[in-house]
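Here is what Swiss-Prot records for this protein:
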- Thr63, Asp142, Glu203, Lys233, Asp237: substrate binding site (BINDING)
- 204-206, Asn238, 267-272, Glu290, Asn325, 346-348, Asn394: NAD(+) binding site (BINDING)
Amino acid sequence: MNAVAKTVPHTDYKIADISLADWGRKELDIAEHEMPGLMSIRRKHAQTKPLKDVRITGSLHMTIQTAVLIETLKDIGANVRWASCNIFSTQDHAAAAIAATGTPVFAWKGETLEEYWDCTLDALTFTLPDGTLTGPELVVDDGGDVTLLIHKGYELENGSTWVDEPASSHEEGVIKALLKRVAVERPGYWARVVKDWKGVSEETTTGVHRLYQIAEAGKLLIPAINVNDSVTKSKFDNLYGCRESLADGLKRAMDVMLAGKVAVVCGYGDVGKGSAASLRAYGARVIVTEIDPICALQASMEGFEVNTIESTLGRGDIYVTTTGNKDIITVEHLQAMKDQAIVCNIGHFDNEIQVDALNALKGVEKINIKPQVDKYVFGNGNAIFLLADGRLVNLGCATGHPSFVMSNSFANQTLAQIDLWEKRDSYEKKVYILPKHLDEEVARLHLEKIGVKLTTLTKDQADYLGVDVAGPYKPDHYRY
């Protein structure tokens, strides 16, 4: 591809600086060579265009790698609008490169929560030829924010009083205010959106958790594909991606030497495993906290100390939350930490650390060091450093996962979007996982790039195992 952005005049975007488009295009060209799976799928479907004219809204970190995903969806026919799924994760040159080609994108690094949710609404607002405002036919979600907004808006139009209940957080208050405004400005809008909405593919653990909660309550409005639990996503993006990007975020934020430090990793799922491995590779002494006896045993078998967070206070130099749960690090924990401790999160949402409560605490001085690095000084003179306001440190303070591992995830996303559209009339309103043969195909598409040569089963060997020579090779219940 040409490394100079081909600018298409249009104003349907909100970004930081369109002049960054050429820089973004150069980095996109580099990323494409590191994303063999996604590019292979793009080439395979470029002529048939299985998503021709399908309206797709994306809510996913507006990075260089995501830009390659967006252009893949466009090349196979989709009509795309995009927003980021985090206020700090946008790479402004990536957003500019996409906006310059005529794709509506609404994202910049350092949005307020009000701006973030306005951008989400902009991304899911399509205009029909007759001027009617409607929504997407498919959604690419990361964390479930678009899915949440549509469901809550539709419930409001059908008598829900949720928006009138007291907000449990500042962000919930912002969402409720937005829904009230839409109810006045666009009566009946969410019913029109739901009428055409055919499905969602969800990228991350937290968003999948939301989907299953909605489905179990009997309120899921559309079929959903759980991309996160494809093996080539969770065991690669979550694990190997974090193994590289966590240390990158810490280094860029604090320029700190990790060797010899005591690092506390809260949670030992796939993200926790990658985070613990990242810190240990740099020579940190890693302590893991866990609620799950199986994960705790795994951590111990890997040689990590497994203990409670309370036992680490006063000796931990670095704290990383990875759980997808709330209130993992409380204000009381923060006050009891070692002077100059570094605190960050690599789970999707910002509620793993009690940031709102910290900001409301009397007698605490907040000093901004640089973007996404804040020092909090307590009354006793001790201080902690909070990175990215408790949001994703690898995207807030660095550039997220490398392109190669994201090619796995985004290949799955693209296949999920095609699958949802092709089966839009047969899928039920429940959560699906992509079939095993597609999981294996995604892996296969990445092997040549890294010099892997597979052994081939003989027919006799395949019969002995009870599998096809071409796979799938493992049953659905197999745990990789």
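The backbone N, Cα and C atoms fix where each Cβ goes, glycine too.
Features as recorded by Swiss-Prot, highlighted on the structure.
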| residue | record | DSSP class |
| --- | --- | --- |
| Thr63 | substrate binding site | coil |
| Glu203 | substrate binding site | coil |
| Lys233 | substrate binding site | helix |
| Gly267 | NAD(+) binding site | coil |
| Glu290 | NAD(+) binding site | coil |
| Ile346 | NAD(+) binding site | coil |
Worksheet item: What is the maximum Cα to Cα distance, in Å and rounded to a whole number, among the residues Thr63, Asp142, Glu203, Lys233, Asp237 annotated as binding substrate?
Response: 17
Worksheet item: What count of other C-beta atoms do you get within 10 angstroms of the C-beta of Ile346 (NAD(+) binding site), across all chains shown?
Response: 31
Worksheet item: Thr63 (substrate binding site) to Glu290 (NAD(+) binding site): how many Å between their Cα atoms?
Response: 31
Worksheet item: Quick one: which of these binding-site residues, Gly267, Gly269, Val271, Glu290, His348, have their CA within 10 A of Asp237 (substrate binding site)?
Response: Val271
Worksheet item: In angstrom units, rounded to an integer, how far apart are the Cα atoms of Thr206 (NAD(+) binding site) and Asp142 (substrate binding site)?
Response: 8
Worksheet item: Where's the emptiest Cβ shell within 10 Å among the binding-site residues Thr63, Thr204, Thr206?
Response: Thr206
Item to complete: Would you pick out, from the binding-site residues Lys233, His348, the residue whose Cβ has the largest number of other Cβ atoms within 10 Å?
Response: Lys233
Worksheet, complete the sentence: Among the binding-site residues listed as Thr204, Gly267, Gly269, Ile346, His348, within 10 angstroms of Lys233 (substrate binding site) by C-alpha we get Thr204
Worksheet entry | Least Cβ-crowded entry, counting other Cβ within 10 Å, from the binding-site residues listed as Asp142, Glu203, Asp237, Glu290 | Glu290
Response to the item:
If you measure between the CA atoms of His348 (NAD(+) binding site) and Asp142 (substrate binding site) and round to the nearest Å, you get 9
Worksheet, complete the sentence: Cα-Cα, Ile346 (NAD(+) binding site) versus Asp142 (substrate binding site), nearest Å, comes out at 14
Discussion item. Using the alpha carbons only, what distance in Å do you get between Glu203 (substrate binding site) and Val271 (NAD(+) binding site) once rounded?
Written reply: 14
Worksheet entry | Per-residue Cβ crowding (10 Å cut-off), top of binding-site residues Gly267, Gly269 | Gly267
Worksheet item: In sequence order, what residues of the same chain, 6+ apart, have a Cβ less than 8 Å from the Cβ of Val271 (NAD(+) binding site)?
Response: Thr205, Asn238, Leu239, Cys242, Thr322, Ile346, Gly347
